[in-house]
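Here is what TrEMBL records for this protein:
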type: MOD_RES; residues: Ser83; note: pyruvic acid (Ser)
type: ACT_SITE; residues: Ser83; note: active site, schiff-base intermediate with substrate
type: ACT_SITE; residues: Cys97; note: active site, proton donor
type: ACT_SITE; residues: Ser240; note: active site, proton acceptor
type: ACT_SITE; residues: His254; note: active site, proton acceptor
Amino acid sequence: MDQGSGKVNNEGGKLTHYEGTEKLLELWFEPITLENGETKRQKMCDLRVIPRDEIAEMLVKVKCEIVSFSERDEQHAYILSESSLFISKRRLILKTCGTTTVLASLDSLLALAKKYCNCKVVDIFYSRKNFMRPDLQHSLYKSFEDEVKYLDSIFDRGAAYVLGRMNGDCWYLYTLDDTSIEQPDQTLEMLMTDLDDEVMAHFQNTTGRKSEDVTKESGIADLVPDCKIDGFVFEPCGYSMNGLLKDDGYVTIHVTPEKEFSYVSFETNASMEDYSSLVDRILSTFRPGKFVMTLFTNEQAACRSSRDTLKETLLDRYTRHDRQYSEFKNYDLTFGHYVRDKKR
């Protein structure tokens with residue numbers, strides 16, 4: 001990550017903290033319908049037509065900027081100075097770390113979608129893990145309750161949840177309660193901390209190194225097949241990757257490698273009947289000390305039930321300390337918290 005946002009230095013100039021934990025905002029849109037029941041036809045509902053300069057201006061409010069761009073099939077992907085942005089025809093995903101202010105984008109996003117695409121929001125997912133240092137965040141993000149109040153001021157019928165231990169690792173979610181996305185939709189997210197020093201060495205001392213080399217040497221290139229990878233190394237350390245799959249599939253990985261606050265996030269909406277092999281590859285690649293895993297699936301997803309993926313043990317060395325399963329109106333969600341057995 002670009003550690004200009006959310007960093008804490010001591011008097012000697014050494015970086016003493018960077019918040020790798022992201023705030024994740026996912027918005028789904030639908031065409032605006034006229035009073036007579038007809039959908040406006042003069043413009044298509046396609047978020048990809050929003051001009052890049054408008055996107056860049058919106059990101060200023062979030063306190064980040066575009067550093068790389070890629071595209072494939074139905075999707076545009078941006079690596080940001082603080083994580084990623086994905087835009088497909090009807091879905092937008094904005095994921096930002098550090099002390100960014102992701103919810104500050106909402107007014108602009110809603111206005112841009114209406115102006116250029118004739119679209120309005122049909123569903124929202126806002127989520128994050130608990131921060132390592134919430135005291136360093138902007139005032140709105142120090143408490144999830146305040147984030148919920150802000151979202152409720154914009155959206156009707158919002159519902160807020162927390163999964164996991166309130167005095168430990170937990171995961172917060174805000175979504176709408178009465179909408180339905182008819183196409184298959186699934187999201188696997190793994191939020192890893194206490195990473196292996198040897199693994200994190202791939203992402204240290206990156207000045208002058210090529211992102212392609214880091215992607216290959218770290219094993220990231222082999223995680224998901226048929227993936228168009230756009231990697232980016234930050235100086236002096238840190239790494240981000242956007243991977244584009246067929247249609248509107250994506251993978252994104254972000255690495256904060258410093259030992260005192262190491263963090264790696266993995267996220268994908270790749271459609272699979274079983275995610276077990278992918279989860280094993282991720283754990284073998286990054287070797288975290290502990291991690292939170294969530295899996296969202298709707299009724300149309302190939303993996304209809306998410307519970308089976310979060311087994312009691314993984315790779316014979318990760319023990320599940322918590323698992324919670326929730327049935328929402330349109331989705332199933334499973335949350336799991338795992339800790340590595342130090343003897344293995």
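Heads up, the Cβ atoms here are built off N, Cα and C, so glycines get one too.
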Count of other CB atoms lying within 10 Å of the CB belonging to Cys97 (active site, proton donor): 31
Rounded to the nearest Å - Cα separation of the residue listed as 'pyruvic acid (Ser)' and the residue listed as 'active site, proton donor': 6
Distance from His254 (active site, proton acceptor) back to Cys97 (active site, proton donor), taken between C-alpha atoms, in Å: 9
His254 (active site, proton acceptor) to Ser240 (active site, proton acceptor) - Cα separation in whole Å: 4
Neighbour tally for the residue listed as 'pyruvic acid (Ser)', based on other Cβ positions within 10 Å of its Cβ: 27
